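Below is one structure, written out as structure tokens; the observations come after it.
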Amino acid sequence: MKLQCVSLWLLGTILMLCSVDNHGLRRCLISTDMDHIEDSFQEIKRAIQAKDTFPNVTILSTLETLQIIKPLDVCCVTKNLLAFYVDRVFKDHQEPNPKILRKISSIANSFLYMQKTLRQCQEQRQCHCRQEATNVTRVIHDNYDQLEVRSAAVKSLGELDIFLAWIAKNHEVTSSA
């Protein structure tokens with residue numbers, strides 16, 4: 001009888017841990033057309049990266065910083081990085097080419113829409129910000145602040161594919177198209 005109770009308790013604990021881990025990772029659904037965002041970025045990537053005067057410096061630490069994010073922190077880091085791009089990168093970048101500017105504006109509008117989705121999750125208390133998530137965001141901001149503003153904006157735009165790949169890997173994305 002004791003063995004049966006222990007087995008049931010162990011099974012229940014394992015199922016609960018699996019569902020909590022999976023629930024934490026897939027908690028907030030981002031409903032946007034990621035293919036459109038990625039296509040827009042691919043069309044301007046070469047032009048943006050050609051303006052990068054610091055090819056050996058990274059803002060997002062080539063995914064190293066993002067790879068250590070635990071499932072419970074995915075929502076918070078996503079929300080913080082969307083805000084980073086909207087509030088700093090897109091605003092700091094000055095683009096003279098109207099075609100590239102339209103693509104950047106399209107990406108920025110998509111980011112604003114994703115921010116709205118994650119804000120709703122946060123209001124429903126489904127998007128917690130733990131210290132680890134705050135630390136990762138701080139590292140990215142510190143990397144950005146070490147460069148001159150325009151150079152940092154170009155560098156961050158050039159690394160946008162790293163962030164987009166991370167979003168695709170860590171969120172269930174549904175197409176709103």
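Cβ atoms here come from the backbone N, Cα and C positions, even for glycine.
So that you can see what the record holds, here are the features copied from TrEMBL:
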- CYS28-CYS121: disulfide bond (DISULFID)
- CYS75-CYS127: disulfide bond (DISULFID)
- CYS76-CYS129: disulfide bond (DISULFID)
- 1-24: signal peptide (SIGNAL)
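For CYS75 (disulfide bond) paired with CYS129 (disulfide bond), the C-alpha to C-alpha distance reads 8 Å. Rounded to the nearest whole angstrom, the C-alpha distance between CYS121 (disulfide bond) and CYS76 (disulfide bond) is 10. In sequence order, ASP73, CYS76, LYS79, ASN80 are the residues of the chain that are 6 or more apart from CYS129 (disulfide bond) and have a CB within less than 8 Å of its CB. Taking the disulfide-bonded residues CYS75, CYS76, CYS121, CYS127 in turn and counting surrounding C-beta atoms within 10 angstroms, the largest count is reached at CYS75.
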